[in-house]
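J.: Supplied in structure tokens, the structure appears directly below.
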Amino acid sequence: MEELKLNTIEEAIADFREGKFVIVVDDEDRENEGDLIVAAEKITPEQVNFMLKHARGVLCAPITISRCKELELPHQVDTNTSVLGTPFTVTVDKLEGCSTGVSIHDRAATIRALADPTSTPETFGRPGHVNPLYAQDKGVLRRAGHTEACIDMARLAGLYPAAALMEIMSEDGTMARLPELRKMADEWGLKLISIRDLIAYRLKQESLVEKGVEVDMPTEYGHFRLIPFRQKSNGLEHIAIIKGDIKEGEPVLVRVHSSCATGDIFGSMRCDCGEQLHKALQMIEKEGKGAVVYLNQEGRGIGLMEKMKAYKLQENGVDTVEANILLGHQADERDYGVGAQILRSIGVTQMRLLTNNPVKRVGLESYGLSIVENVPIEITPNKYNERYLKTKKDRMGHTLHFNK
């Protein structure tokens, strides 16, 4: 990416503030696509026309979750099964001053109205021709997507947190990717940035966690150091368990482990969580250096109460993924941004990651951390967790090799 001469985030913010387009590209391990984005409050009919003529994707309008609630815009579907969980709301058109909602004038007016604090639910007709999107709170530090990048750019520019975006297609109808996006940006006179760089910019500007006091912690697996961290946004407390002297830039063995009270504490055989945690500590002790980041994200981020509801559904025949979806959650709602900042805080920027989960790798790499090796951490299945592990392999892409 460096060879393609991406623009700086500061340059892009300045243009975005003036109402100019910016091209944003995401990670190769995600969509690896470029989106044309512009501030919602600044958009003109001519810009809508440019997007339709040159980008040719789907016209969307990212707004905050709180704004969606204010405007009474529910999710487009109750169960989101799209590949990346794209959070569409019902489609809308601005009613007053518009006709069918299709014209460039009408669509620009609708997008501007989404960014108008005086707009109410009655401002819009449903369905319409603009696709609002729910943007996750905390922006790209929560979800490394174009939707969140739009909201972050608006906030960094001092504008209302709403934008318009459209995916950029090549002439042959395939998705435009680097280096073609660089050529397009040069041809159109636009700034080109990456979500990875936007994440790095925010991580330098903001602190997500408060670091606690470090203590020694002898365990049955070896002697470690423990540092607690408090997440500023919600008060959740996380833990870093460290072995040895970690030097910045040195690839060390790392396990990012989400809390599982049933498995980690009570030894539940319905999952492999506790065994993975204990095995990770043993491996790090044997290595003589490394860290476990223990995140307070029970049930893949849905909490203990919801996890128990999911367990009950599983007892009635659904699998772990279906259970989450039936309860209105995504299959995996974990936030790796806070884990990435904890790792940076203890000096880890390169790691040999203990995981079977490809999403975890992508999640951490999206925050500028380098994973030099994936180290498997497989557990022998038992009769209680056999189906759970098979679901993780078949439906969540986990790298598991048991034959059950």
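All positions are counted from 1 along the displayed chain.
For all residues, glycine too, the Cβ spot is worked out from N, Cα and C.
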J.: Swiss-Prot has ARG255, VAL256, HIS257, SER258, SER259, GLU298, GLY299, ARG300, THR320, THR355, LYS360 down as binding GTP; which of GLN276, GLN282, GLN341 does it also list for that site?
T.: GLN276
J.: Would you count the other CB atoms within 10 A of the CB of GLU167 (D-ribulose 5-phosphate binding site), including those on all shown protein chains?
T.: 19
J.: I'd like to confirm something. Which of the recorded positions, HIS129, CYS271, CYS273, has a Cα closest to the Cα of HIS257 (GTP binding site)?
T.: CYS273
J.: What does the structure give for the C-alpha distance between ARG334 (active site, nucleophile) and ALA144 (D-ribulose 5-phosphate binding site)? Integer Å is fine.
T.: 12
J.: List every residue in the same chain as ASP35 (D-ribulose 5-phosphate binding site), at least 6 positions away in sequence, whose Cβ is under 8 Å from its Cβ.
T.: ILE23, VAL24, VAL25, ALA55, GLY57, HIS146, ALA149, LEU165, MET166, GLU167, ILE168
J.: In this structure, which of the binding-site residues SER259, THR355 has the fewest other Cβ atoms within 10 Å of its Cβ?
T.: SER259
J.: What is the number of other Cβ atoms found within 10 Å of the Cβ of ARG255 (GTP binding site)?
T.: 24
